[in-house]
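Asks: Heads up, here are the entries from TrEMBL:
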type	residues	note
ACT_SITE	Glu153	active site, proton donor/acceptor
BINDING	Cys110	substrate 1 binding site
BINDING	His128, His130, His203	Zn(2+) binding site
BINDING	Ser406, Ser407, Lys440	substrate 2 binding site
DOMAIN	27-230	domain 'Class II aldolase/adducin N-terminal'
Amino acid sequence: MAANGALKMATTSQAYLVGDKVKETKSLIAELCRHFYNQGWVSGTGGSITIKVHDESVPKSEQLIVMSPSGVQKERMVDEDMYIMASDGSILSAPVAKPTPHKPPKCSDCAPLFMKAYQMRNAGAVIHSHGMESCLVTMLNPLAKEFRITHMEMIKGIQGHGYYDELVVPIIENTAYERELTESLAEAIKAYPKTTAVLVRNHGIYVWGDSWISAKTQSECYHYLFDAAIKLHQLGIDWTTPAHGPIQNSKISALAPNGSIKPSRRCIVLDIEGTTTPISFVTDVLFPYARDNVRRHLDATYDSAETQQDIKLLRAQVQQDLENGVAGAVCIPADDAGKMEVIAALVANVEAMIKADRKITALKELQGHIWQTGFQNNELEGLVFDDVPAALEKWTALGIKVYIYSSGSRLAQRLLFGHTKHGDLTKFLYGFFDTTVGNKRETKSYAEITASLGVDNPSEILFVTDVYQEATAAKAAGLEVIISIRPGNGPLPENHGFRTVRSFSEI
């Protein structure tokens, strides 16, 4: 406690406030605001930026904050115009007033919102833009609570996202005064743990990152994607679908079994084993390939960051297994025991996990990386039932979004659907869920998926699986459920109560 107090006194001392690190941050904000002005993000005195004073000797949560003022010409700001604040948002240093026609200095109206990003996401910098595209994109659909886009290269510039992922940015409603947005922004940050931005309808966007570089990079990518969506909308092209086909204006409705109209189905979530793909392909092709090649893979890639992360996950899982007395678990020696000894123990554990068909993230991540090599070397080819490609294409044309939820890793899912005799089927898929979202036999997993898909009602999601326990869990979460009957699938309980299909053409 005494150390923290001494650190706070040191960072708030006059010597520190006028020191090089604070000066550099002030200059950086002035420079970035000139750049953002040229981008059209901070014109008319709008928009703002704040950056934490980077100092490796100070914990990030305790670092000082430099913030641009409100109501000034952002492209003409100089270092002396900036506010310096403590980590709790209290002002430590304010700029000196300038003569008329300049207004008296005032800290950014965005300050309370900036502090939410600092406190809730441990951000290193936050940018508030009034860029035209960030305003217009919220007006394309006045009722939408989210902006969604997928299969665009610039999505890769957003933290935690890849090309195949669906980028989701929450939209909150504008208010007359900036500070009145604080609570709704905080609610959006809490409701969307993966997001690094919040759009404000008819207003602009708040973007944060671990550093000013991350915040700037992501802001540029967000504005690019918003601009692309606006232009695609003008062309009548749907930016929310992998295929980017024509925008579907008609509402798709389905008939209930009794012939009455029921609400539109917006999303379909598919299981893989026994649903899109024969169980035998997984058990007789993929699992043996992973088992037979685990030693070769670990030996060839042992020092890579990817494999070291896989080993870290396996160590944690095996330690847990040993504590719980799981059969087949073998202690993995420390790294200093030597590469071959570590690999031998890893192989023994992985073989036992595969034999037991365990649905655990540590195993699935490693299997995915092994299979990646197999698909890249044309030693593996994905297999789906013959009715699957046509169904995926039909659903996409109807404007229905299709997702995959499997115990296999997201990488493994993409590999399977991306390398089939029918070509690359990932163009029909909006996203992939794996066990990081939760166990497939637990209701909370489907509640999490529902929240991620942003539907108004869980019943707008159809889940198709071959496993009764998964169907029961999904139904308990409010999803519509169909059980897939395929050759090689296990038996179902009598009077299970679910609709069944033998082909996707029946859906």
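Cβ from N, Cα, C; glycine included.
The structure displayed is predicted, hence computed values, not measured ones.
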Asks: For His128 (Zn(2+) binding site), which of these recorded positions sit within 10 Å, Cα to Cα: Cys110, Glu153, Ser407, Lys440?
Replies: Cys110
Asks: In sequence order, what residues of the same chain, 6+ apart, have a Cβ less than 8 Å from the Cβ of His130 (Zn(2+) binding site)?
Replies: Trp41, Val42, Ser43, Gly44, Gly46, Gly47, His203, Gly204
Asks: Let's check the environment of Cys110 (substrate 1 binding site): how many other CB atoms sit within 10 Å of its CB?
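Replies: Step by step: centre on the Cβ of Cys110 (substrate 1 binding site), count other Cβ atoms within 10 Å, giving 25.
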Asks: Look at the binding-site residues His128, His203, Lys440 and tell me which residue has the greatest number of other C-beta atoms within 10 angstroms of its C-beta.
Replies: His128
Asks: Show which residues of the chain containing the residue listed as 'active site, proton donor/acceptor', separated from it by at least 6 in sequence, have their CB under 8 Å from its CB.
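Replies: Once residues fewer than 6 apart are set aside, the residue listed as 'active site, proton donor/acceptor' is near Tyr163.
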Asks: Quick one: Cα separation, Ser407 (substrate 2 binding site) versus the residue listed as 'substrate 1 binding site', in Å?
Replies: 43
Asks: Among all the protein chains here, how many other CB atoms are within 10 A of the CB of Ser407 (substrate 2 binding site)?
Replies: 22
Asks: Over all pairs in Ser406, Ser407, Lys440, the listed substrate 2 binding residues, work out the largest Cα-Cα distance in Å.
Replies: 8
Asks: If you measure Lys440 (substrate 2 binding site) to Cys110 (substrate 1 binding site) at Cα, how many Å is it?
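Replies: Cys110 (substrate 1 binding site) has its Cα 42 Å from the Cα of Lys440 (substrate 2 binding site).
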Asks: From the centroid of the CB atoms of His128, His130, His203, the recorded Zn(2+) site, which same-chain residues not already listed sit within 8 A by their CB, in sequence order?
Replies: Gly46, Gly47, Ser129, Gly131, Ser134, Cys135, Val200, Gly204, Ile205, Tyr206
Asks: Could you state the CA-to-CA distance between Cys110 (substrate 1 binding site) and Ser406 (substrate 2 binding site) to the nearest Å?
Replies: 42
Asks: So around the substrate 2 site, Ser406, Ser407, Lys440 aside, which residues have their CB within 8 A of the centroid of those CB atoms?
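Replies: Checked against the 8 Å cutoff, the neighbours are Asp271, Ile272, Glu273, Lys359, Tyr405, Gly408, Asp434, Thr435, Glu470.
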